[in-house]
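To keep things clear, I will list the structure first and then write my remarks on it.
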Amino acid sequence: MDKLELIKRNVQEIVTEDELKQLLETKEHPTAYVGYEPSGKIHMGHVLTVNKLLDLQKAGFKITVLLADVHAYLNKKGTLEEVREIADYNKRCFIALGLNEENTRFVYGSDYQLGQEYILNVLKLTRSTTLNRATRSMDEVGRKMDDPAVSQMVYPIMQAIDIAMLDVDVAVGGIDQRKIHMLGREGLPGLGFKAPLCIHTPIILGLDGEKMSSSNNNFISVDDTEADLKKKLKKAFCPAEQVEDNPVMELFKYHICPRYEEIVFERPEKFGGNLVCKGYEELEKVFASGELHPMDLKNGATKYMNMILEVVRSVI
Ligand code: TYR
């Protein structure tokens, strides 16, 4: 797979592809980052952006992971001390997922976001950003946005300044980060910084086919045991022959198939014996045709997700 193909796989949007091509032509080691609000559970949604960072590393990028403790604090996720502790746990998870410390720079927000230069840049950008724009940019990121706090208006401004201060070429994130990134692309040049390129991954569904949410516990997290996986996948939403909006198929598309060249579904002889798929496209055809039963798809997902998480569990 060539670099561009690797970077483009499983992404929803690149802003813009032309800029990316140009970047690849001019720099041997471009830089990219993802920021994460520290979270008690690292789930497969987070892992989707981790996968993209791993792809970017393979394509020669230097990667920074921002453990955004101050952002979590501004978004009312806990005290600074609490979120900082969770950030340490998250760092261990990311390392376990393959972002090792030799080739990944881990940065805590609180390590640089309280410095004079940073704050001055934040204040500058607040002057050229309307309240309306800041509010809208938080639509899919902010907690309880029906009654936003001023801190949640500072949040997207800081995220934009992060891109400049961490000095990265590319900001990576779920498509929910889009409006904040666009605010950065438009606002940063006015402060003398370059406009960043953005790569957005899709947002995957919860196992019940609804939006992922911690209150529903409808996701797989990296510390799930094999028993957890079995239980969760057993009751997952997985309509026969349906490949779109099927959370079990999404696990194959975004997590399993990129890691394994060949997927083996183990079935008793009376149900057709083992079935082998080479790549997601083939799996899609097989499942859409009805040749593979949802039960067998789920068993396969359980087996492979367990193999992926086994490695992670053993080190976190
Ligand atoms: N907004 C991101 C989230 O929703 C977190 C983040 C914070 C990302 C700061 C980047 C950044 O610079 O989790």
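Note that Cβ sites are derived from N, Cα and C of the backbone, with glycine treated the same way.
The L-tyrosine binding site annotation in TrEMBL covers Y33, Y155, Q159, D162, Q177. Cβ neighbours within 10 Å of Q159 (L-tyrosine binding site), excluding its own Cβ and spanning all shown chains: 24. DSSP assigns Q159 (L-tyrosine binding site) to a helical segment in the three-state reduction.
Within the same chain, residues at least 6 positions away in sequence whose Cβ sits under 8 Å from that of S214 (ATP binding site) are G40, K41. Annotation source TrEMBL lists ATP binding site at S214.
Under the heading motif ''HIGH' region', TrEMBL lists 38-46. Per-residue pLDDT, averaged over the motif ''HIGH' region' (38-46), rounds to 96.
If you look up TrEMBL, you'll see 211-215 marked as motif ''KMSKS' region'. Listed as Cβ neighbours of the motif ''KMSKS' region' (211-215) (distance under 8 Å, sequence separation of 6 or more from its ends, same chain) are residues 40-41, 43, 45, 203-205.
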For the motif ''HIGH' region' (38-46), sequence-distant contacts whose Cβ falls under 8 Å of one of its Cβ atoms, 6 or more beyond its ends: 67-69, 72, 77, 83-84, 86-87, 89-90, 93-94, 174, 203-204, 212, 214, 219-223, 251, 254-255
